[in-house]
Amino acid sequence: MKYKNLLISRYFLISKYTGIIIIFAGAAILSPLLFLLAFPEESSLAPHFLLAGGLSILAGLVLFTYGSRHQEEDVELSLNEGSIIVIFSWLGAIFFSAVPFITILDMSWSHSIFEVVSGWTTTGLSLVDVTTAPKLILIWRSIMQFFGGAGLAVIALSSLLPVHGMGLYMAEARSDKLLPHVKRSTMLIMKIYTFYTAAGIILYYFAGMPLFDSINHSMAAISTGGFSTQPDSIGHYNSLSIEVVTIVLMLLGTINFATHYTLLKGKVKTFFKNAEIRLMITLFIFLTPILMFFSLNSLYPMLSENFRITFFQIITALSTTGFSTISFAGWPIFANFIIILIMLVGGGTGSTAGGIKQYRIYLIFKSIYWEIKEQFLPRRSVSSNYLWRGENKFYVKDQHVKDVANYILLYLFTFFAGVAVHTAYGYSLLDSMFEFGSALGTVGISIGLLSPEAPLGIIWTQTIGMFLGRLEFFIILYAGIKLFKDGVYISKH
Amino acid sequence: MFIVIVGCGRTGSLLAGKLSRSGNEVVVIEQNPDSFALLPVDFSGFEIEGDAAESDVLIEGKIESADLLIVSTGNDQINYLVSQMARVNFDVPRIMVRTIDPSVEKMYEKEERFEIFSQISLLAENMINKIEREGMR
């Protein structure tokens, strides 16, 4: 009986925190209205956003007051409870954010949810026709990516709201600590993030992009989202300087915030020792020439053009952003296969990117190397293996390697399951791998399979893939299993 | 406030958890990695595994920028060594030391910046105060 009361009081706490985050999501839905100052001709759309934002704030308030009524004192949150809060606040945010797409653009529920999940998870696959969509909708898509990149829980933790707890921070797939306190860490993350976005807007503007597009593209690039205001993405501008700015922003977005902090403190040497940076540089050095000379040189005979195009697409895939300057549909199979592999690798841990994450890939290759090396060492030798993470040496234990290997296997398993669903709908193996790899890694480049006419099964498979890929599986499993177990216990007693 | 705590036993982990929750930046240094399990779930500071008697370990814990150092291992010799290193080598402005053996207190007597907490003296004082307050019964 006592345990049951304890459990129930925990769920009140969960409801309170979820409420706070959903209220915040409601405020985010209202934020596009600021742009009415610049585009007063679209003021007729305001009621739609007010409706969605109002509903969200109302729902959050109900959860919050209901949760805080039964609360005795502030207790600590475990990782499992943090997971439940994160999942429910993400689901709530996704649900309410979809409302403007339904009421303004008259899209179906499935399509709107797809678009919104693609926004919040910073994927960038889109079903909206950006040529006819109103400006408020365009900016709302970018704002979703901006907030989704940082993560709802991270923003809530960084704010002055009474939200704290390590469990919440870990649950949103952000485990690196920048400073020895979670509130100050998240504040620092938000400062770095906002600063880069503002710098991106200015750079784009000077590179010759209109101001409205600059704001949208900068938010979408730093968050490694990839929503564009043009139907053919960055390729629309056909400008070298804009592409260079995009490459820089995508790289910044895909680097771990802890690594950024090392760099900002001026420790350049430690920065280049970092596991993820090393893997990234190695990949660039090997893959760019391979793609250029073994596959694309017939397509782009000019060397400079070949380099420009290849390098851009490799970065867009590795950083899981999803801007593109060309159409992948015409590429040779080998080139597309390499792009699929890069999409599976993905960006850095603790950044805004998706995929398996460079750190995990690097660790697994290192551990294979360590295993071979130890085979040839004297029998009684003792070695401790380490790699660089953030600004510290990190000594790798077997348990850690096991966790990482499990994650990679689970990721690949989900990938193959999703590809299977795609092939069952009759798409070719390459197209299926490309599209689902893009959704699961929250990349957002498309080989042309996705369109408003695509079957609903495909739309939902990709929606689930994006959600799983962003929140890193285990959190969803933990939350689901805990909810189920507690539910069974409470109903039994 | 930026606080470094050396030793993550029962005393150190309790202090670290409470100080972290009240909004301080806390770094804990401990030799035995199993002891970190004593920290509460929502401790959000850094955990550093290493021997605090080594200068490099203290440097990794950013001790030179600490506002307060709490030395709370269960060994008086280590406590003395670490607190002296912190005062002389790293110039920490405020150092709190826990002592086990009350007679060790004398060693710190003439040194500035140290605040000594001897658990046995505190316990004895508390008991004596209570006896004196309530009178002999």
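Indices start at 1 and increase along the chain as displayed.
Each Cβ is built from the backbone N, Cα and C atoms, and glycine gets one as well.
Annotated in TrEMBL:
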- A:20-39: transmembrane segment (TRANSMEM)
- A:45-64: transmembrane segment (TRANSMEM)
- A:84-105: transmembrane segment (TRANSMEM)
- A:146-171: transmembrane segment (TRANSMEM)
- A:192-212: transmembrane segment (TRANSMEM)
- A:240-258: transmembrane segment (TRANSMEM)
- A:279-300: transmembrane segment (TRANSMEM)
- A:333-356: transmembrane segment (TRANSMEM)
- A:404-425: transmembrane segment (TRANSMEM)
- A:458-481: transmembrane segment (TRANSMEM)
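Long-range contacts of the transmembrane segment (A:240-258) within the same chain, counting only residues at least 6 positions beyond its ends with a Cβ under 8 Å from a Cβ of the stretch, are 149, 176-178, 188-189, 192-193, 196, 200, 203-204, 207-209, 217-218, 221-224, 234, 274, 276-277, 280, 308, 311-312, 315-316, 318-321, 323, 325, 347-353, 359, 389-391.
At the 8 Å Cβ cutoff, the transmembrane segment (A:84-105) and the transmembrane segment (A:279-300) share fewer than 3 close pairs (sequence separation 6 or more) and do not count as touching. Here the transmembrane segment (A:279-300) sits against the transmembrane segment (A:333-356); at least 3 CB pairs are under 8 Å, leaving out pairs fewer than 6 apart in sequence. Here the transmembrane segment (A:146-171) has Cβ contacts under 8 Å with residues 17, 20-21, 24-25, 28, 76-83, 85-86, 89-90, 93, 119-122, 182-183, 185-187, 189-190, 193, 197, 219-220, 222-225, 253, 352, 470, 475 of the same chain, all six or more residues outside its ends. Remote same-chain partners of the transmembrane segment (A:192-212), defined as residues 6 or more beyond its termini with a Cβ less than 8 Å from a stretch Cβ, comprise 38, 135, 139, 146, 149-150, 218-219, 221-222, 229, 237, 239, 241-242, 244-245, 248-249, 252-253, 257, 260-261, 264, 352.
Panel annotation: around the transmembrane segment (A:333-356), residues 121-123, 149-150, 173-176, 193, 222-225, 253-259, 276, 280, 283, 287, 290-291, 294-296, 313-314, 317-321, 407-408, 411-412, 415, 430, 433-434, 437-438, 440-443, 445, 447, 469-470 of the same chain, lying at least six beyond its termini, place a Cβ under 8 Å from a Cβ of the stretch.
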